[in-house]
Amino acid sequence: MGVESLQMLTTSDYASIISMNLFVALLCACIVIGHLLEENRWVNESITALLLGLCTGVVILWISGGKSSHLLVFSEDLFFIYLLPPIIFNAGFQVKKKRFFVNFITIMSFGAVGTLISCSIITFGVSQIFKRMGIGTLDLGEAVAIGAIFAATDSVCTLQVLNQDETPLLYSLVFGEGVVNDATSVVLFNAIKSFDLEQLDHGIALQFFGNFLYLFIASTMLGVLGGLLSAYIIKKLYIGRHSTDREVALMMLMAYLTYILAELWYLSGILTVFFCGIVMSHYTWHNVTESSRITTKHAFATLSFVAETFLFLYVGMDALDIEKWRFVSDRPGTSVIVSSVLLALVLIGRAAFVFPLSFLSNLTKKSQNEKISFRKQVIIWWAGLMRGAVSMALAYNEFTMSGHTQLQFNAIMITSTITVVLVSTMVFGMMTKPLIRFLIPLGHPPKQKNSLANLEESSPKSITVPFLGGRQDSEEVDNDNDNDANDSHRPSSIRDLLTTPTHTVHRLWRKFDDAIMRPVFGGRGFVPVVPTSPTESDCQLQWD
């Protein structure tokens, strides 16, 4: 018996090794093909990985005789615990902070209020249409869960179809909304599990809203505190004096720790790690040695890139999982209709909040340049239609047991989710870049700069300016400094806050940051000079 068990274990280990070899080979292929298609206006690396995953799934189906199409079973735990954190953290670490916080109210309204509107429309449409089609009997909780699943946008794909330098306003709005949207969808989905929506009354609704607000605030504060703690430790201990490796390791582990703590305490890990990345880029990153800055910048970007590619490969291969499709093989028409209905509801649900909320946002903007034009609204609506791994993970959580489907209705919902993800990523993702070029001509692309000479410019964007600034904002900050001398001619603080809220908050924050935060937590100009590492000294000798 012992020998047989050992043989079975050995066979299982060997199969895992084969699976990992294939995945690593596919990742390498995605990198090479993505590089070759770098200038292609239709295909990006997400779509490349998705197509490669589909092709690999077809090959595995053929080799296995139609038994299996994937090397690994899609697991929401794998997605939420290992793949999503580096992607969201790097996004926060690299985001242009002033652009993000200037549009913070609009981003929050799109991400939170917009998600609730979209979820409500999808929930209502699903409950009414599915009832008439005779597809199962949905209670309110299941209908709202489906609404939360398909209200979740794909912020990962957004990173690749929008360019932060070419379209900064669109990028900050769509990506910022995507992060808040994902967090809102996950929080909403988890909250549904905790409440009995069949017994809905004013008390339950108020409790639901309070719980929702608590999760948002607590998740954000945990990320901020984690980033500040890492900055304080590295500033006080002079870790780089002995080892830059420890600095890099501490930054990575502290960021991941905040995410794990958020999940442990049933908070939103997405919001937590995103704001942790923002705070680390403003404080912690400036407290480490030069070699650690270079290392962390590229390490975070590389981890994020590999996780994104792995994710789309994973989804592409799992899309052909024969077990799920076998359950709906006798009702293929039903699956197609359900997928079409869900896609239509996604389109309507997004349009229902993008255009009205953009109109309300424009009412608060005095400058024409700050307003969201109708063409930009169309791009925001279109770019946010993509559905991805968050929707997949939530659908698997709701409709499967350990990755396996047991009921026909559940199988229909899983296959429909896969179809919506594939169609939205392929069609909407491929059309986003051409749509941007058609609606907003970008002119000539910026000239490439020498990467070594411009390391500071390509690094997290808070080197020379405060928390709400980026390098493109240095001129504005200088103007603010000049205007500080004329404070006596300014109107009262309350009046100033009401007339120019963004600039007033920016100026007040800058003063608070310079006077209190950066002297305590470090940052540009507040970090003592420490001996460089032997590696840095050797590199300097080589350059000399």
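Yeah, the Cβs are placed from backbone N, Cα and C, and that goes for glycine too.
Summarising the annotation, TrEMBL assigns transmembrane segment to 14-37 (among others).
The domain 'Cation/H+ exchanger transmembrane' feature in TrEMBL is assigned to 25-436.
The transmembrane segment annotation in TrEMBL covers 49-65 (among others). Same-chain neighbours of the transmembrane segment (49-65): 22, 26, 29-30, 33-34, 71, 308-309, 311-320, 322, 422, 425-426, counting only residues six or more beyond its ends whose CB sits under 8 Å from a CB of the stretch.
Taken from TrEMBL, the feature transmembrane segment covers 71-93 (among others).
The transmembrane segment feature in TrEMBL is assigned to 100-123 (among others).
Summarising the annotation, TrEMBL assigns transmembrane segment to 212-234 (among others). For the transmembrane segment (212-234), the residues of the chain that approach it from at least six positions outside its boundaries are 112, 183, 187-188, 191, 240, 247, 250-251, 254-255, 257-258, 261-262, 265-280, 282-284, 287-288, 520-523, judged by C-beta separation under 8 angstroms.
Look at TrEMBL and you will find 268-286 (among others) tagged as transmembrane segment. Long-range contacts of the transmembrane segment (268-286) within the same chain, counting only residues at least 6 positions beyond its ends with a Cβ under 8 Å from a Cβ of the stretch, are 80, 84-85, 88-95, 97, 100, 179-180, 182-183, 186-187, 215-216, 219-220, 222-224, 226-228, 230-231, 234, 251, 254-256, 258-262, 293, 296, 459-463, 467, 517-518, 521-524, 526-527.
What TrEMBL records for 298-317 (among others) is transmembrane segment.
The list of residues near the transmembrane segment (337-357) in space but at least 6 beyond its ends in sequence, with Cβ under 8 angstroms from a Cβ of it, reads 106, 109-110, 113-114, 117-119, 121-122, 125-126, 129-130, 133, 135, 150-151, 377, 380-381, 384-385, 387, 412-413, 415-417, 419-420, 423-424. The transmembrane segment feature in TrEMBL is assigned to 337-357 (among others).
What TrEMBL lists as transmembrane segment is 378-396 (among others).
Residues annotated as transmembrane segment in TrEMBL: 408-429 (among others). Among residues of the same chain six or more beyond the transmembrane segment (408-429), those with a C-beta under 8 A of the stretch's C-beta atoms are 44, 46-47, 50, 54, 135-136, 146, 149-150, 154, 157, 161, 312, 315-316, 318-319, 324-325, 327-328, 331, 334-336, 338-339, 342-343, 346, 382-383, 385-388, 391-392, 395-396, 398-400.
Among the features that TrEMBL reports, region 'Disordered' is placed at 464-497.
Annotation comment: TrEMBL describes 475-485 as compositional bias 'Acidic residues'.
Here the transmembrane segment (14-37) sits apart from the transmembrane segment (378-396); fewer than 3 CB pairs are under 8 Å, leaving out pairs fewer than 6 apart in sequence. Counting only same-chain residues 6+ beyond the ends of the transmembrane segment (378-396), those with a CB under 8 A from a CB of the stretch are 74-76, 79-80, 83-84, 110, 145, 148-150, 152-158, 161-162, 170, 173-174, 177-178, 181-182, 185-186, 189, 311, 314-315, 318, 346-347, 350-351, 354-355, 358, 372, 403, 413-414, 417-418, 420-421, 424-425, 428-429, 431-432, 435-436, 439-440.
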